[in-house]
Amino acid sequence: MASEERRGEMGGFGVWARLASARMSEAAAPLSSASNATPARAFPQVKKREIFGWCCFDFANSAFTTIIITVIYARYFVGVVAEGAERAPAWWGWALAASQVVVILLSPLIGAVADAKAAKKRFLMTTALVCSVATMALYFVGRGEIWLALGLVAVANVAFSLSENLCSAFLPEISTPETAGQISGFGWSFGYVGGLISLVIALGIFKSGEGREPWIFVMTGAFFLLASLPTLLLLRERAVATPLRAGESYLKAGWQANVALLKELPQHRTLFIFFVAMVFFIAGLMAVVSFSAIFADQVLKMSMGETVTLFMVLQLAGVVGAVVFGLVQDRVGSKVALIASLILWVIVSVCVAGCQTKEQFMAIGVIAGLALGSLQSAGRAVVSMLTPPSRSGEFFGCWGFFGKLAALIGPLVFGELAAGFGYRTAILANGGFFLIGLVIVATLDLRKRALVAEAEKK
């Protein structure tokens, strides 16, 4: 269950990684990256095994989001580490929000260095390693060690987000506008399979005896690291190093390019409005990812085994949602797929806010799984379709920036609402994020003819 542009969601990184490479002499000059902004059709050597390698990273990193952020460590932190403190949900939300602030602040520097040194893949594996080590270190956190736990989670989440960003940055290189939806869907489906397998392993560890939860965190870090090896071996780094000019800094280059693109973005009306919509519905999505297991524990009193089983079902539904909606989207259009997914999320929010039994929550979880996979896959593919082909890297990165902004807002707002007014009120309010996103998406004309006409005006 990778986070948004997993996956995610390209987080803040994509903007900087693509934009810094331009190193414009004037802020308004066109931005481009020979390696990253080039459409896939310019790379005839993209092979199926490389696409497989790219998908494997979604498979690998889903262990982190599934086990740590969503299913097990979230409730473990609230119930065990924080010992059920009233403010525990808010602390959890603040830690996740703070990690996204760090991602946004670090991204200009990391992106500029990655482009200048043609090191996108190298950075990908480095951030995966950092996330894995920080995750395994959660084994040593005991009761009452709240700040150590939150610190390690924040470090791991920063590294995860950057690694996810770096991986997503390869999508414009390995796909075409016609295949982006399908390949994106395959990536998300790999992610849900990875999350499912990690849950099966975690359930086995949990059932092996009392007090075994810390070993689950060790397994999660190791899973991420080992399962990402196919990405290391199969995914190509096509970037060409572009050293900085004399007297120019990586940080300055990254921020200048970012500011220039953000100023230009409103000229691309459809894409800009979609980003606004995305901030709302991804904020809602990230709140669901971050607090659903906590709700199951604190409100419905589901056991750890029941919670893991629920999310195994959700992962299976997510696989179906990602693949089916990815295929359907390429046929019926992005707008239809997005609206259908957002309608599902509004329904899920209302139903969860009113559900009273574990069985009801399990049934709603199946719908949520379908909606989760479809929304993430559709969002990534829509951005790929909306961006000018010669500048796909830049605008795809902007999608990631807004995704990280949403990932900051969602958990923070939900955590404070849950701590102040209760989980059911927070869930109902969170449904408003999806509803606002739905209304905005409904105003967009995503037909290819309209998009081509808009692009020709630029």
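Cβ from N, Cα, C; glycine included.
So that you can see what the record holds, here are the features copied from TrEMBL:
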TRANSMEM  51-78  transmembrane segment
TRANSMEM  90-111  transmembrane segment
TRANSMEM  123-141  transmembrane segment
TRANSMEM  147-171  transmembrane segment
TRANSMEM  183-203  transmembrane segment
TRANSMEM  215-235  transmembrane segment
DOMAIN    270-458  domain 'Major facilitator superfamily (MFS) profile'
TRANSMEM  271-296  transmembrane segment
TRANSMEM  308-329  transmembrane segment
TRANSMEM  336-355  transmembrane segment
TRANSMEM  361-383  transmembrane segment
TRANSMEM  395-414  transmembrane segment
TRANSMEM  426-444  transmembrane segment
Quickly jot the same-chain residues contacting the transmembrane segment (51-78) by Cβ under 8 Å, restricted to those at least six beyond its ends, or write none.
1-3, 6-7, 84-85, 88-89, 92, 96, 124, 128, 131, 135, 138, 149-150, 153, 156-157, 160, 163-164, 167, 170-171, 174, 183, 186-188, 190-195, 197-199, 202, 213, 216-217, 220-221, 223-228, 230-231, 233-235, 289-294, 296-298, 304, 307-308, 311, 315
Okay, the transmembrane segment (183-203) and the transmembrane segment (426-444): do they have at least three CB pairs under 8 Å, pairs separated by 6 or more?
no
Could you pull the average pLDDT for the domain 'Major facilitator superfamily (MFS) profile' (270-458)?
83
Do any residues, 6 or more residues outside the transmembrane segment (123-141), come within under 8 Å Cβ-to-Cβ of it, and if so which ones?
57, 60-61, 64, 68, 73, 81, 110, 113-114, 148-149, 152-153, 155-157, 159-160, 162-163, 166-167, 214-215, 217-218, 220-222, 224-225, 228, 231-232
Which sequence-distant residues neighbour the transmembrane segment (215-235)? Criterion: at least 6 residues beyond either end, Cβ under 8 Å.
49-50, 52-54, 56-57, 59-61, 63-64, 67-68, 72-73, 121, 124-125, 128-129, 131-136, 138-139, 167, 170, 194, 198, 201-202, 205-206
